[in-house]
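Chemist: Handing you this structure, nothing more for now.
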Amino acid sequence: MAGYPQAYLEGKEVKETSSLVTELCRHFYTQGWVSGTGGSITIKVHDASIPKPHQLIVMSPSGVQKERMQPEDMYIISPNGSILSAPSPKPYPNKLPKCTDCAPLFMKAYEMRNAGAVIHSHGMESCLVTMLNPHAKEFRITHMEMIKGIQGHGYYDELVVPIIENTAYENELTDSLTKAMEAYPKATAVLVRNHGVYIWGDSWIHAKTQAECYHYLFDAAIKLHQLGLDAATPEHGPIQRAIHSQNQLSVKSGVKDSQSQTEYPWRCIVLDIEGTTTPITFVTDVLFPYARENVGKHLNLTYDTAETQEDVKLLRSQVEEDLRQGVTGGAVPVPHADEGKEKVIAAVVFNVEAMIKADRKITALKELQGHIWRTGFECNELKSVVFEDVADALEKWHTSGTKVYIYSSGSRLAQRLLFGNTSYGDLRKYLSGFFDTTIGNKKESRSYKEITETLGVDDPSDILFVTDVYQEATAAKAAGLDAIISIRPGNASLPENHGFKTVTSFSQI
């Protein structure tokens, strides 16, 4: 039994997990996800005494009526995929038991994502959504509330799900599923064209929640398509039809436009903020002082909230790392909660002020700053500033079908606040997504490679990155992206013979 005694295989945890699989399959049957013996769910046997990678796995048999399964029909699988326990045969007309044909694919999710549960659905919407564009290698959707139910995504983010081609036999999908998971490291689902979808999560609850959100989003995309609307654009406007020429991709609207559209050689444009879309002085003279002056007030008012406790935890970890690394700047240890609220807040305030003064580009600081600025925008104490050419350019690029993203050292929350509260109105409707330093340092080329993979662009040169910082442009160029340097009032001078195209206005792009 590969180290698992028979008593454990027949114990409470395994029985409860087996019962849960049958219960969920009955529910999924009512949703149309596992009809006709297709589809299934597999769950790891949760046991706090066993590390997750070593926990047993419960899988259903193949070719059975999923809504009629009983706990004793389940297969118990070891962490390496071998069968430890199989169900007994049932009389005619039942087939001889056979473990699900999805087993090799389920195991990949366990191995590569440390999943706690995996769902395979044959839901109609998961099949039809892959047919909307028979050549598409991805499903994309943005600005839909249910995106928030997908791990790592918010309302303004673009959800990207890879699509692989179907095969005659389920287990033949293993290689292509593996490649898709490698190419999309943050994906929690893979669509199979004309077939269905595989979805995984940290637990069965997480997997089920995501599955419900994915099916909702697939259905929404299908209905938007039927109306001639594009689910992958923030405004969900008329579908853009791509027309390929020898030199570049132009995009033509599905409806007539009285103005001729400009053609751009890029599929995506990624913009920096400070010194590119927004004056450096707005950040240094308005946002930073506001955060510095209000950090103590913010912490006192919100100290007991989960959000602020997480902010304090991140800052404590950052300070501990700074002290270990000998980072200068006057860092002081942040006490733990049992030493008292006042001491914790005082230490956080001291460190935040030092970090802001040193212009640290670190996630822990940026997260807290974003939460402080949110209060400022909500109270109308802050109003963001963008250069006068920015709003027109964003609208123009959006109309042309070019996707526009933001990549800044500020948190994604701070980015959304800035573009959502400008004197030109809410500009987020023109933006397809936001990246911050959680994807990597802006001066490292691997960060731009990660962005390229996240956007699902095969040729990095199809992405234009615009920044005011020479080192960032160099890193983007090393990753294969096209890069332009923004020359704005107050920006730092550039090295001689830097080799990049420069612009003083987005109208020149």
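Each residue, glycine too, has its Cβ placed from N, Cα and C.
Annotations for this protein, taken from TrEMBL, read as follows:
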ACT_SITE  Glu145  active site, proton donor/acceptor
BINDING   Cys102  substrate 1 binding site
BINDING   His120, His122, His195  Zn(2+) binding site
BINDING   Asp272, Glu274, Asp468  Mg(2+) binding site
BINDING   Ser408, Ser409, Lys442  substrate 2 binding site
REGION    1-230  region 'Methylthioribulose-1-phosphate dehydratase'
REGION    269-509  region 'Enolase-phosphatase E1'
Chemist: Find, among the binding-site residues listed as His120, His122, His195, Lys442, the one whose Cβ has the highest number of other Cβ atoms within 10 Å in the structure shown.
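Modeler: Result for the most crowded candidate: His120.
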Chemist: Measuring Cα to Cα, how many Å separate Glu274 (Mg(2+) binding site) from Glu145 (active site, proton donor/acceptor)?
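Modeler: So the Cα of Glu145 (active site, proton donor/acceptor) lies 29 Å away from that of Glu274 (Mg(2+) binding site).
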Chemist: Over the region 'Enolase-phosphatase E1' (269-509), what is the model's mean pLDDT?
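Modeler: The predicted confidence over the region 'Enolase-phosphatase E1' (269-509), as a mean pLDDT, is 91.
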Chemist: Which residues in the same chain, at least 6 apart in sequence, have a Cβ under 8 Å from the Cβ of Asp272 (Mg(2+) binding site)?
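Modeler: Those within reach of Asp272 (Mg(2+) binding site), by Cβ under 8 Å and sequence separation of 6 or more, are Ile406, Tyr407, Ser408, Lys442, Phe465, Val466, Thr467, Asp468, Val469, Glu472, Ser486.
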Chemist: Cα within 10 Å of His120 (Zn(2+) binding site): which of the recorded positions Cys102, Glu145, Ser409 qualify?
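Modeler: Cα within 10 Å of His120 (Zn(2+) binding site): Cys102.
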Chemist: Could you give the Cα-Cα distance between His195 (Zn(2+) binding site) and the residue listed as 'substrate 1 binding site', in whole Å?
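Modeler: Computed Cα spacing between His195 (Zn(2+) binding site) and the residue listed as 'substrate 1 binding site' is 13 Å.
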Chemist: If I restrict to non-local contacts, at least six residues apart, and a C-beta distance under 8 angstroms, what lies near the residue listed as 'substrate 1 binding site' in its own chain?
Modeler: Ser40, Thr42, Met59, His120, Glu170, Tyr198
Chemist: Where's the emptiest Cβ shell within 10 Å among the recorded positions Glu145, Glu274, Asp468?
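Modeler: Ranked by other Cβ atoms within 10 Å, the recorded positions Glu145, Glu274, Asp468 bottom out at Glu145.
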Chemist: Which residues, in sequence order, are found in the same chain with Cβ within 8 Å of the centroid defined by the Cβ atoms of His120, His122, His195 at the Zn(2+) site, excluding those residues themselves?
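Modeler: Leaving out the recorded residues gives Gly38, Gly39, Ser121, Gly123, Ser126, Cys127, Val192, Gly196, Val197, Tyr198.
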